[in-house]
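K.L.:
Before we start, here is the structure in question, set down as structure tokens.
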Amino acid sequence: MTIEISNESGIDVDETVLLRLTEHNLSELRVSPDADVAILLVDEGAMESLHVQWMDEPGPTDVLSFPMDELRPGTEDMPTPPGLLGDIVLCPQVAEAQAVAARHSTADELILLTTHGLLHLLGFDHAEPEEEREMFGLQRELIASFHAAERRRPRT
């Protein structure tokens, strides 16, 4: 599995947490270890440009996902085949503002947004109420299991 993280935002982000999170989530979702995903952190100007270009909406947003191969979560018996999941684009500045409003850390907000973006790459959406319940429920489960795994992780 190749997880490429590139921080062009000018904001210091713990990329190792995002790497462990993505590895954890892909494993939990039974995605092939040969699947590839890229995470790009950009500033507000770059995110606004992408938001206008791809969503036709003004202003920066928190996360955008650009799926490549149409991969879906697998099962224990049949994991997702190898392929290119796509790109997740995050804006730490927007995440920071949302974290303040939600009264949690920017790191926690980036964990939420990365998980959210990954689920979009795997075909999940939240346009309809039932889709939203499914996606956000899975998002909560993945984040909770990641935090539990982090607590068990040996500190060096």
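Numbering starts at 1 and runs along the chain as displayed.
Every residue gets a Cβ built from N, Cα and C, even glycine.
Automatic prediction, not curation, is the source of TrEMBL annotations.
As the structure is a computational prediction, the values presented were derived from the model and not from experiment.
Feature annotation from TrEMBL assigns Zn(2+) binding site to His116, His120, His126.
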K.L.:
Give me the sequence-ordered set of same-chain residues, not including His116, His120, His126, with a C-beta within 8 angstroms of the centroid of the Zn(2+) site's C-beta atoms.
P.N.:
Val63, Ser65, Gly117, Leu119, Phe124, Asp125, Met135, Gln139
K.L.:
Cβ distance under 8 Å to His116 (Zn(2+) binding site), same chain, sequence separation 6 or more: which residues?
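P.N.:
Expected: Val63, Gln139.
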K.L.:
Tell me which residues of the chain lie with their Cβ under 8 angstroms from that of His126 (Zn(2+) binding site), as long as they are six or more apart in sequence?
P.N.:
Glu132, Met135, Phe136
